[in-house]
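Annotated in Swiss-Prot:
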type: BINDING; residues: ARG37, GLY38, ARG69, ASP88, ASP89, LEU90, VAL91, ASP92, THR93, GLY94, GLY95, THR96; note: 5-phospho-alpha-D-ribose 1-diphosphate binding site
type: BINDING; residues: ARG69, ASP92, THR93, GLY94, GLY95, THR96, TRP134, ILE135; note: GMP binding site
type: BINDING; residues: ASP89; note: Mg(2+) binding site
type: BINDING; residues: ASP92, ILE135; note: guanine binding site
type: BINDING; residues: ASP92, ILE135; note: xanthine binding site
Amino acid sequence: MSEKYIVTWDMLQIHARKLASRLMPSEQWKGIIAVSRGGLVPGALLARELGIRHVDTVCISSYDHDNQRELKVLKRAEGDGEGFIVIDDLVDTGGTAVAIREMYPKAHFVTIFAKPAGRPLVDDYVVDIPQDTWIEQPWDMGVVFVPPISGR
């Protein structure tokens, strides 16, 4: 990855509200399925904005065996996804997205960020990200003191 894209908490909330506005009216949804772990925070933000109380998770772990990504489903929400929003923070190469589509073929799959390789796999997203860019999410960063340039 050659570039970094830093996401602040404020930016994330703005993007989540924009996505939520596209998902109105909220009464059409039975609930939200958040993809753990990246979709947990965006899922909470969508649940708040849409007034949705039914929130479930699908937990997928990816392993790298000899440069081949293997996905393992640790926990899944029941059903085929009909009437549900499935949310993840990002669609990148599409590996996780393909698994999600297979598990929940009738769900409305959304992300906050989308890279070109994964874009065709989601129903909606907010921010285009170049394929070779690494996203730093706010939950993966800590706030640290940065001394003034002058050193005084």
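Cβ atoms are placed via backbone N, Cα and C, with glycine included.
Shown here: features listed in Swiss-Prot, placed on the structure.
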residue : record                                              : CB count, 10 Å
ARG37   : 5-phospho-alpha-D-ribose 1-diphosphate binding site : 16
ARG69   : 5-phospho-alpha-D-ribose 1-diphosphate binding site : 11
VAL91   : 5-phospho-alpha-D-ribose 1-diphosphate binding site : 26
ASP92   : GMP binding site                                    : 22
THR93   : 5-phospho-alpha-D-ribose 1-diphosphate binding site : 14
GLY94   : GMP binding site                                    : 18
GLY95   : 5-phospho-alpha-D-ribose 1-diphosphate binding site : 17
THR96   : GMP binding site                                    : 22
TRP134  : GMP binding site                                    : 12
ILE135  : GMP binding site                                    : 20
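VAL91 (5-phospho-alpha-D-ribose 1-diphosphate binding site) sits 11 Å from ILE135 (GMP binding site), taking the Cα positions as reference. The local packing around ASP89 (5-phospho-alpha-D-ribose 1-diphosphate binding site), expressed as other Cβ atoms within 10 Å of its Cβ over all shown chains, amounts to 24.
ARG37 (5-phospho-alpha-D-ribose 1-diphosphate binding site) and TRP134 (GMP binding site) are 17 Å apart (CA-CA, integer value).
In this structure the C-alpha atoms belonging to ILE135 (GMP binding site) and ASP89 (5-phospho-alpha-D-ribose 1-diphosphate binding site) are separated by 10 Å. Straight-line distance linking the Cα atoms of ARG37 (5-phospho-alpha-D-ribose 1-diphosphate binding site) and THR96 (GMP binding site), rounded to a whole number, equals 12 Å. The 5-phospho-alpha-D-ribose 1-diphosphate site in the record is lined by ARG37, GLY38, ARG69, ASP88, ASP89, LEU90, VAL91, ASP92, THR93, GLY94, GLY95, THR96, and its two most distant CA atoms lie 19 Å apart. You'll find the Cα of ASP92 (GMP binding site) roughly 13 Å from the Cα of ARG69 (5-phospho-alpha-D-ribose 1-diphosphate binding site).
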